[in-house]
């Protein structure tokens, strides 16, 4: 009898282990996807370059890739500043329409690593992400300009290219949260770290590295960015001679978060490399090497300025109160701005921290930097909307300073000529408002927040 029981128990244990293994394998499948990184040699012939892109899409599809990453200048490489401006198009142009149709017909995401986007007398170097429906999922405009002037050489990218104004938040895709960068951005670690902090698990650096700098630094930099951010890194590259003056290094790569090279197109002129991106490995890596948990935000901090706000997804605590997400019109990493229950002047809003802490001195370095950045952004927003040139910005830091809600927050109040008989009377009104002014309705506050949110979207 005992033998039968033991055999039955062993059978049950084996069955459970087999089921767990199947579940583990299925989980890995659900979290993994095949991606392709392309390599090409663009010239000033846009039609020929498009033919190369079509060929790379075909190869990516044949390898069952759900996403193809193309290099910087996948549209063309101009032979002069004048030609570059002449060949550039807007994102609503004919070439972009062809790219979008290509993504839609093949049901594949495409990273257009750097197209020349027309912008008045200059261009933007724009990294455009298309989804499988051919829609624009995101546009990032290159931040860092390669400007060098020496006795031997004068090379100023900013003569032709207008630098971008902000980082773009990571984009949700079938292969994870993707952080968008371009070429020379690779030499700056700060954006990569910020993108990881914002949720990126894959960084992409489409490039046209020169032969000399590529040979010296390309692989080292890609692996460094992967290791320090614990992200997959994908870098599509141009290769070969584009014209008599310009040669690119090539070696399109996919790098793992551990710094291993998963794919390298080497020196093939038209090629793709593929790799399986398995996001399940990230959690294990974060647990065994929790570098981002060990960052000393009380000693140093990185802050992304002009970052576009996400649509608020949850209500926020304000001490023991709850701020309805519909009244929040801006969110940063650590702070949020919302419309006020009782206003001293029209446009009186509040900025507070996501973490509940009563005093300004209780904020860490990252929260302080983010708080003041957010306050300045909101102040500029209100002055544009209400056509004013002044604002009272104040924080009542503690009960004896007039704080009634024990959660650090700034009051931002647009000022107008003659709005108070005596300028400092605004502080008296600030203390009196709880007794004297009735609370505004939730509908009023939501409507006001929608106006501010739309304005932020439009100026972005």
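A Cβ is built for glycine as well, from the same backbone N, Cα and C atoms used for every other residue.
What Swiss-Prot records for this protein:
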- 72: active site (ACT_SITE)
- 142: active site (ACT_SITE)
- 183: active site (ACT_SITE)
- 409: active site, tele-AMP-histidine intermediate (ACT_SITE)
- 33-279: domain 'CN hydrolase' (DOMAIN)
- 315-422: domain 'HIT' (DOMAIN)
- 407-411: motif 'Histidine triad motif' (MOTIF)
Nearest of the active-site residues (142, 183, 409) to residue 72 (active site) - Cα to Cα: 183
Overall pLDDT of the domain 'CN hydrolase' (33-279), taken as the mean: 97
Number of other Cβ atoms within 10 Å of the Cβ of residue 142 (active site) across all protein chains: 24
Residues of the domain 'HIT' (315-422) by DSSP state, where helix covers H, G and I: 31 helix, 33 strand, 44 coil
Local Cβ density at residue 409 (active site, tele-AMP-histidine intermediate) - other Cβ atoms counted within 10 Å: 22
Between residue 183 (active site) and residue 142 (active site), the C-alpha gap once rounded to whole angstrom: 8
Residue 142 (active site) to residue 409 (active site, tele-AMP-histidine intermediate) - Cα separation in whole Å: 34
Reduced DSSP assignment, residue 142 (active site): coil
Other CB atoms, at most 10 A from the CB of residue 183 (active site): 25
CB contacts for residue 72 (active site) [other CB atoms within 10 A, all chains]: 27
